[in-house]
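Per TrEMBL, active site, proton acceptor is recorded for Glu383. The Zn(2+) binding site annotation in TrEMBL covers His382, His386, Glu405. Annotated compositional bias 'Low complexity' per TrEMBL: 45-62, in sequence order. TrEMBL lists 78-275 with the feature domain 'Aminopeptidase N-like N-terminal'. Per TrEMBL, the feature domain 'Peptidase M1 membrane alanine aminopeptidase' maps to 310-537. Annotation source TrEMBL lists domain 'ERAP1-like C-terminal' at 610-916. According to TrEMBL, the site 'Transition state stabilizer' annotation covers Tyr471. Here TrEMBL flags 6-34 as transmembrane segment.
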Amino acid sequence: MGRGFYISKTVAVTCLVATAGVLATIIGLTVLYAQERSKNAELLPTTAGPSTTSAASTTPSGPKEPWDYYRLPETLSPVLYNITLWPRLTPNADDLYIFIGNSRVVFRCVIETDLILIHANQLNLTKFDGFYAKLNSLYGEAAPTLKKTWLEVPTQYLVVQLNDPLQPGRFYELYTEFVGELSDDFGGFYRMEYFENNVKKIVASTQMQPTDARKAFPCFDEPAMKAIFHVTLIHPQGTVALSNAINYDPVNITMNGESFIQTSFEPTEIMSTYLLAFIVCDFAYIGTNPDAAIRIWARRKAIEEGQGNYALEKTGLILAFFENYYNTSYPLKKSDQIALPVFGAGGMENWGLIIYGETALLYNPGVSSNGEKEWVATVISHELAHMWFGNLVTMRWWNDLWLNEGFATYVSYLGADYAEPDWNMKDLIVLNEIVSVMSVDATAYSHPISSKEEEILRPDQIIELFDSITYSKGAAVLRMLSDFITETVFSKGLHTYLEEFEYNTTGNKDLWKHLQMAVDKAGIALPHSVEVIMNRWILQMGFPVVTINTQTGEITQEHFLLDPESVVDTPSQFKKIMVMMPIVIKLIIIANIFFHLATNAELVLGGSDWLVANVNMTGFYRVNYDETNWERLIAKLISNHQEIPVINRAQIIDDAFNLAKAKIVETTLALRMTTFLNKEVEYMPWETAKRNLNYFFLMFDRSELYGPMQAYIKKQVTPLFHYFQNLTVNWTKMPAKHTDQYNQINAISMACSSGVESCRELTSGWFKEWMNNPAVNNINANLKSTVYCNAIAAGGKAEWDFAWEMHRNTTIASEAEKLMLALSCTKEPWLLNRYLQYCLDPEKIRKQDVSYTFIYIARNPIGQPLAWDFIRANWDYIINEYGRGSISLASIINGLTERFSTEYEYKQLDQFKEEVQAKLGSADVTFDPMLERTKANINWVALNKKPLSDWLISQTSGI
């Protein structure tokens with residue numbers, strides 16, 4: 001470990017292993033494991049041939065030993081773990097928090113070997129007669145004796161060499177004792193600190209995914225190495241211990257003269273190591289009656305305030321939906337969900353014990369916004385979807401992570417839609433996932449959804465896969481597939497897939513096989529097999545732009561890139577780089593009539609007819625048209641925009657802006673697509689326009705174009721502002737419709753930022769009322785973020801100091817986040833500089849919030865140069881004090897350089913790249929995409945500044 005600490009021999013704790021039961025389980029699972037491990041044989045090294053070439057090589061050339069490979073050999077297969085852990089929630093004499101533990105792992109020998117490789121990382125192992133482990137045979141005979149043991153740090157193994165080989169088909173038990181640091185790095189078995197009533201509280205929690213179970217105990221830490229887990233936790237009086245399974249009755253014990261509680265748990269279902277979880281805390285719960293099979297855990301005060309009620313109400317509904325959708329019963333006896341005050345992600349799908357950040361599980365009707373309520377519903381739905389897809393059936397290796405995450409992302413919208421049928425969640429996936437990931441996938445630095453297994457080996461390579469391509473693009477292509485084979489057929493294919501592979505692992509070919517079976521059974525005719533069609537979406541990066549010429553009926557396609565001059569280095573295995581046209585053009589609208597396309601001749605239009613392809617944006621591609629059809633679409637949007645479906649109104653805007661950025665159409669054409677917005681009141685078109693226009697503001701909010709841009713936005717948004725003023729009876733009530741509540745926020749935010757005077761008076765007045773009576777905040781929860789930001793932007797020190805004080809005192813996580821963002825909205829440079837200084841004080845800004853705070857400040861055009869200078873001046877201090885695990889260096893630099901659009905800024909970034917990489921290497925921050933973006937911004941500004949200026953002036957000259 002980086003910091004040493006005294007290692008004493010661990011306290012022996014009795015571990016209950018019922019031998020007869022274990023052997024029965026082992027025998028029952030032997031065939032399953034042997035079959036599963038044999039599938040990986042071609043990629044995994046064996047002790048018989050360590051010098052053969054392997055995908056897992058770690059050096060350019062030379063002989064390899066088995067422990068030099070990042071992948072485990074196929075020689076052993078785990079069956080059962082018996083783990084006892086004792087987290088110490090107070091620091092030891094060296095001021096370190098530690099945990100003490102022991103583990104027994106029962107495994108089966110598959111191929112004769114004299115070597116045991118098992119993952120162990122940052123654990124101080126106790127030696128027995130000079131060895132780090134003990135080995136026993138479960139057959140009563142003597143096990144092979146140990147020859148040598150050591151820790152192979154680069155590949156994170158405990159290596160155990162034997163004097164004689166293990167025998168195939170035999171079962172053995174490896175015993176280890178260890179001490180680990182209960183650090184605050186959010187990986188493995190870690191501690192989480194928070195303050196309640198000015199008292200520091202400690203929670204011991206876990207985050208095993210993807211490769212940190214090995215930091216908690218020695219284990220075969222790969223997804224396919226499924227096993228059963230027996231867990232025992234020793235914890236302080238006044239705390240509760242939770243794990244994946246139901247606990248037995250806790251017992252009081254005495255350890256070193258102190259009184260503790262020992263809690264043991266029923267054996268888990270067979271599962272992967274990354275799904276194991278255990279927590280020690282003093283939380284309370286609210287549960288279903290009579291058996292509390294569903295429990296929502298959180299800080300006692302949060303539970304007492306009813307913040308877990310919404311999650312409890314919706315969890316049962318969503319579980320019932322998925323049981324019906326998968327046609328498979330929930331596999332476990334209980335579902336615990338726990339909200340931690342500090343958590344590194346939205347949620348983690350540990351089987352039976354799902355861990356969330358507070359904002360993803362808790363909802364306070366008086367404080368939380370409609371958007372936060374939606375976030376809770378979708379995250380719960382996402383994690384519950386994993387209970388089947390990911391947990392019951394797991395991807396064989398991390399290269400197919402999208403099978404877990406892309407699928408859970410897609411069906412999370414279905415589950416949330418069932419729980420909240422008035423929200424139109426099936427439509428909102430377009431904005432929340434599809435549109436946003438298209439901008440990522442349209443760059444030369446994207447990657448395929450599914451990688452080759454041999455390309456993903458090291459932990460850092462695995463972590464890189466947890467990105468929007470895996471989650472959002474994975475969801476998008478599954479939504480597309482579900483649409484063209486129908487949701488019913490899709491669901492039936494999932495049922496047989498889950499039925500065949502339950503408690504096992506799979507690859508994408510297995511899913512395609514079962515969906516094909518369902519397609520065949522339903523009699524659906526496809527131009528090619530499901531696998532052939534879908535491989536072109538998952539095995540190559542990017543997506544097409546489909547061009548339809550309504551004068552000739554011709555349809556063409558090409559790889560869509562936002563920067564047409566960028567070079568794609570990622571090779572494609574397909575000669576036709578894009579997709580099959582019959583799937584792309586499935587459904588079109590011609591003059592408000594829906595058509596299933598039969599021939600290209602039907603695309604030839606006459607008169608005033610117009611055409612829209614990719615109805616409801618079910619396909620993952622962009623659409624371009626001939627100039628005549630674009631003009632007819634503009635005319636239709638202006639004359640009667642409601643004839644075009646609302647999703648397609650958003651799609652037309654988004655396609656036009658992105659095609660313009662790619663130099664396929666004129667930028668002024670994209671802007672003309674927004675001229676109808678002064679008559680539009682729906683959320684999706686407005687939100688899409690706002691996101692795309694944000695790029696224009698990033699490029700020009702420091703230039704003379706800012707005035708004309710602001711005037712144009714004011715002209716377009718003023719009718720929307722008045723629409724919501726009337727709808728809400730002069731702002732005295734909230735709109736009933738879910739998306740109207742979102743669009744009301746857009747109306748106020750854009751009206752205030754563009755200078756609508758009555759808007760500024762409105763938001764500042766609401767904020768002043770709160771300042772005059774801090775105990776009573778009458779600002780509607782939905783509007784708080786935009787009201788706080790605009791009031792602080794229009795105010796000065798008094799407003800900022802008040803918001804800071806409220807931020808410090810609130811116990812509601814979502815309220816703290818709103819205020820943290822709003823504090824970055826001030827236009828006073830000295831206040832922004834003070835806020836930047838606060839980022840270096842963990843007592844003021846929590847470590848996990850530092851990245852967000854820097855980025856928020858950089859979004860402010862006044863704050864951006866201040867943040868850029870501050871980061872460069874304090875870079876060494878930030879790295880040394882916060883470490884690379886506490887903050888996201890790449891996200892900080894990405895956020896700080898979004899506005900870069902001059903040669904001077906490009907040179908600054910390039911120089912900073914050289915300085916950083918000289919100290920850290922290239923693994924921490926990849927600067928090339930940011931440099932590429934800056935160069936693209938420079939070119940875009942040079943090309944578009946003059947025509948944009950002319951167009952904006954022509955649109956606003958009469959104002």
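Glycine is treated like the rest: Cβ placed from N, Cα and C.
Feature map: annotations from TrEMBL on the structure.
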| residue | record | Cβ contacts under 8 Å, 6 or more apart |
| --- | --- | --- |
| His382 | Zn(2+) binding site | Gly346, Gly347, Glu349, Ala408, Thr409, Ser412 |
| Glu383 | active site, proton acceptor | Gln337, Gly347, Met348, Glu349, Ile354, Tyr356, Ala408 |
| His386 | Zn(2+) binding site | Glu349, Asn404, Ala408 |
| Glu405 | Zn(2+) binding site | Gly390, Phe466, Thr470, Tyr471, Gly474 |
(message) Let me check the 10 A CB neighbour count of Tyr471 (site 'Transition state stabilizer'). How many other CB atoms are there?
(response) 25
(message) I want the residues beyond His382, His386, Glu405 whose C-beta is within 8 angstroms of the mean position of the Zn(2+) site's C-beta atoms, in chain order.
(response) Glu349, Glu383, Ala385, Phe389, Gly390, Asn404, Phe407, Ala408, Thr409, Ser412, Tyr471
(request) Compute the average pLDDT of the predicted model within the domain 'Aminopeptidase N-like N-terminal' (78-275). (result) 96
